[in-house]
Amino acid sequence: MRIGLLWLVPLFTLTEGTDGFLQQKNDGRRTKEIVSMVEERHPVHEYEVLLQVTYRDPEEKRELKRFLKLLKSPSPSLRGPSKIIRVKATTYCRSRKGFLECACEDSYTWFPPSCLDPQNCCLHTTGPVPSCNCSLRGLRQSINFCERAKVWGTFEIDEKFPEDLWNSSSDVYAHYTVGIENQLKEAYRRVHGFESVRVTQFRKGSIVVGYEVTGSTSPPELLFAIEQEAEKAQEALRRQFPVKYGSFRVFGKAPCNSISFGFGSENDEYTVPCSSGFTGSMTVRCQSSGWQITRESCVLSQLEELKKELRMIAGKITEAGVASLVQNLSTILLQSPSTTVGNLGSVVSLLSNISSLSLANSLTVSNLTLMNVINIADHILDSASITNWTILLQDAKDASSQLLKTLESISSLIPSMALPLNFSGKFIDWKGTPVTQIQSTRGYNYQMEMRQNASLPIRGHVFIEPDQFQKSHPKTIISMASLTFGDILPITQRGNAWVNGPVISTLIQNYSISEIFLNFSKIKGNLTQPRCVFWDFSQLQWSNAGCQLVNETLDTVLCRCSHLTSFSMLMSPFVPSSVVPVVKWITYIGLSISIASLILCLIIESLFWKQTKRSQTSYTRNICLVNIAVSLLIADVWFIIAATVDPSVSPSGVCVAAVFFTHFFYLAVFFWMLVLGILLAYRIILVFHHMALTTMMAIGFCLGYGCPLLISIITLAVTQPSNSYKRNDVCWLNWSDKSKPLLAFVVPALTIVAVNLVVVLLVLRKLWRPAVGERLNQDDKATAIRMGKSLLVLTPLLGLTWGFGIGTMANSHNLAWHVLFALLNAFQGFFIFCFGILLDTKLRQLLSNKLTTLSSWKQTSKRNASDTVTQPKCLRTFNILQHRGMYALSHTGDSSSDITLTQFLSTE
C-alpha cells in the first residue's frame, strides 16, 4: 500500500517590471518581498513561492530532489525577465488517519516555535525529531514552515524618522533598505553558512531598524558567528548611516516576534503604523508574554471623513442630518468588524457630539435612528473589545462614562408617541415605555436577561411601586441594561471590588421619585459584601449615596434607591461578609480608646519622670515604655490617615507618605518591644553584670528607631520605582505575584514576637520556684500568682498579641481569628496603659499620693476660706522611702535575681 506524502518546495525568483503571474499566485501563506534598485530605473522584486509537491515513496522523493537541482532555467509561464536563484525543500508531511504529520528536512527547523497553521496544528518537540501534527478537518492555510536557522538584529540610526519609511513602495524605503542590506551582506559574507540578510522593519524611536540573517548552520553556530562579526557590521553601516553607539544588538531567540510588529527583546517599546485603511499609529511593548499594545490611535479613514462631515454641518444640523450621520456610522462599523482603540474613541466622540448638537437644537430622533444608535452601542460594547477599552481609558478616563451619558441623552430624544419600543442586542438591552394610568395601579416593571460566555443567564429587574405615580404622570420611562459597562466603568472605591451584576439605567424626564427597587443576578458567586451603588457622572465613580442593600440571597441582591440614574452593585472577593463590619467597628473603637490611653500614659509618665530616674532598672524600663507609647500613638494616627485616603482620588504622594510612616512607626513599636525584651533577658541572665546607662540607651535607640528607618527606606527605594510599593486599592504595603513589600513588615514583626516569646518563657522559668520561708502548700499558689501577673504585663508590652495574626493568615475565613486579632491589637494602647502604668506599683502609689495631695489642698482651701483667722498648716509631703519594699523588694527573702526581676516588672 502506498501512502501519499507532501513536500513543500519554496522557489526564490527574481523578476523585473510588472508583478504579473507571481503576485496573482501569492495566496498569503508565506510570501516575502524585497525591493531593491537596478540601474536606478527598474525595481527588482524578490518573491518566495511555495509549491506543494506530492510523492508516494522514498524513490519518488529522491527523483524530485534530483529534479530540483537541475531546475535553473526561467519558467515559461512567467511574464517578463525572470530568474530562479534558489530552490530548497524544507518540509515533508504524511497523512495518517485524518491527521497530517510534518517534519523538517536536514538543516531546517520551525520558526517561530509553532508550525503550519497555529490554530489547528501542534508542534511536538519531545521526540528525537520535532514534528508538527495537524487535523486535516480544520487545516486551512499554512503559515509557518520549516526554515533555515535565523538570527535577528536591531540597531538605531540617529536621524529623524521619515514617515515614508512606513511605505515599502517609497524611494526613501528603498534607499535605506538597499543600503543597509548591502553593508550587512558585505560584513557577513565570510560567515560560515551565511545565506541571506534582509531588513524586516523600520520603527519609530529615531530610526529603529530590524533585520534577519538566515544561514544553513545550526542556530547557536550562526548566532556565535554573527556575534563575532558585530564590530565589522557596525563599521560597515557607519560608512553610510549615523548608527547610534550601543544600539547594535543580535540575538538568536526573539522573546517577541509577530508578523504585525516584527521582533524585539524584552522591554523594547516601538511605535508602528496602523494597517491599510486606518490612520494613526500603535505603541507596542515587548513583555514576557509577547507584544502588548500600550497605546493605539488607529481610526478608520471613513470615520475621519465622518468627523469632518459633522463639523461642516454642526451650525445647521437637522433631524435628517442626524439620521444620515448615524446611519452612515452604523454602516461603516458593520462593514469593518475590527473594533480598534482609535475606533472606540472616535465612535464615542461622534455620538457625544451628535447628542450635544441634537439637545442644543431641540431635535428629536426617529425609531430608525435610535435603533442604529443601539446597534452601534451593541457593536462597541462587545465583550471582545474590553481589552481595547482598557487601553482607551488610560488616556481618555471618561470615555465609558461619556458613552453611558450619551446613550441616556439620545434616549431622551425619542418622542413619547413613538413608544413603546424595545431593542435587544447581544450586549445591550433597551426599552422605552409610555406612562399611562396602568402605572398608577401596577407600578413600573423592567426585566432583562443576558448571557455571559454561555453561562447561566444574568437577570436584572427594576420595580417602581404604584404610589410613586399618584400625584402626576411622567410621559415616558426608559430603561437600558448592559453587562459590558460593568467592566469598563472604572472602580475607584477602596478595596478589591468588582461590578458583579448588570448596569441598569432608568430615566424619567422632568419627574422625581422617592423610591426604586432593583434586583440583580450575581455574575460571580464567590464574591461577597454587596454594595448597592450608582454611577456619579460628576465624580466619575461609583457612589452608594441614597442606595442601600435590602436583601441578599445566594444568587441575587435586592437594592433600594431614592433617585434615578445608572445602578449596579460592587462586591469583594474571598472575604466572609460577616468579618469586615465586625472587625471594622472593633478597629475604629479600639484605636480611639488606644489613642486616648496612650496620651494619658504619656501625661502620667511626664508627671513622675524624675521619680523614675532614681533606679537604673526603673529608668530604662520607663524609657522603653515611653518610646513604645509614642511610636504606637503616631502609628495609630497614620493608620487612621491611611484608612481615610482614597488612592484612586488623592495624589499618589499622599498615599505613599501614609504607607511609609505607618510602616516605620509600627516597626518602631516592635523594635522598642524587642529592646524591652532584651533588657529583661539581660536582667535575668546577667544578674551581676552592670552596663553603663549611656551604652544601654545607644543600643536601644539604634534598635528602636535605626532598624525600622533602614527597613522602611530600603523597602521604599526598591519597590517604588516599579510602582509596586503600595496597593492600588488601599494605602498599605503591596502584596502581589510580582512584588511583596509587605514581607518587610510581617517578617520583622513576627521575628520579634518569636524572640520576645522566648524572653517570656525565661521569665516564667525564673519565677517557677518557691520564695524562701513559704510553706510547701503555699508555694504553688504564690508562684502561680507571680507568673500570672508577669504574663499579663509582658504579653501586651512585648507584642505577643500580634502572634494571633498567624491565625488570620492561615484561615482568613474564620471570624474568630479576625475578631480576636482585632480586639487584642486595636486596644493595645489601652492594654499598655493598664498593664504598664496602672499595674506599676510605684507609679500607682505616686499617682495615689498626688491625688491625695490635691484632695488635701482642696479641703485646706475650703477651710481657709471659711475661717476668719487661719493658722498655717503644713501639708504632708511625698516621701519615697515611705513605701520602700513595695517596689524594690516584694519578697525580702528572694535572691538578688528575683529582686531585679521584680524591679523590672513592677507588678507586686
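Every residue, even glycine, has its Cβ placed from backbone N, Cα and C.
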- request: Compare the membrane side that Swiss-Prot records for Thr644 with the one it records for Leu764, and say whether they match.
  value: no
Asn551 (N-linked glycosylation site) to Cys532 (disulfide bond), Cα to Cα, whole Å, comes out at 11
Kindly say whether the transmembrane segment (698-718) and the transmembrane segment (589-609) touch, using the definition of 3 or more Cβ pairs under 8 Å where each pair is 6 or more positions apart. no
Cys547 (disulfide bond) and Asn367 (N-linked glycosylation site), compared by Cα position, are separated in whole Å by 33
As a whole number of Å, the Cα atom of Asn353 (N-linked glycosylation site) is distant from the Cα atom of Cys559 (disulfide bond) by 34
Of the recorded positions Asn367, Asn510, Cys561, Cys655, the one whose Cα sits nearest to the Cα of Asn519 (N-linked glycosylation site) is Cys561
Ranked by how many other Cβ atoms lie within 10 Å of their Cβ, the glycosylation sites Asn167, Asn367, Asn422, Asn551, Asn734 are led by Asn734
Here the Cα-Cα span from Asn526 (N-linked glycosylation site) to Asn510 (N-linked glycosylation site), rounded to a whole number of angstrom, reaches 40
Averaged over the topological domain 'Cytoplasmic' (840-908), the pLDDT of the predicted model comes to 46
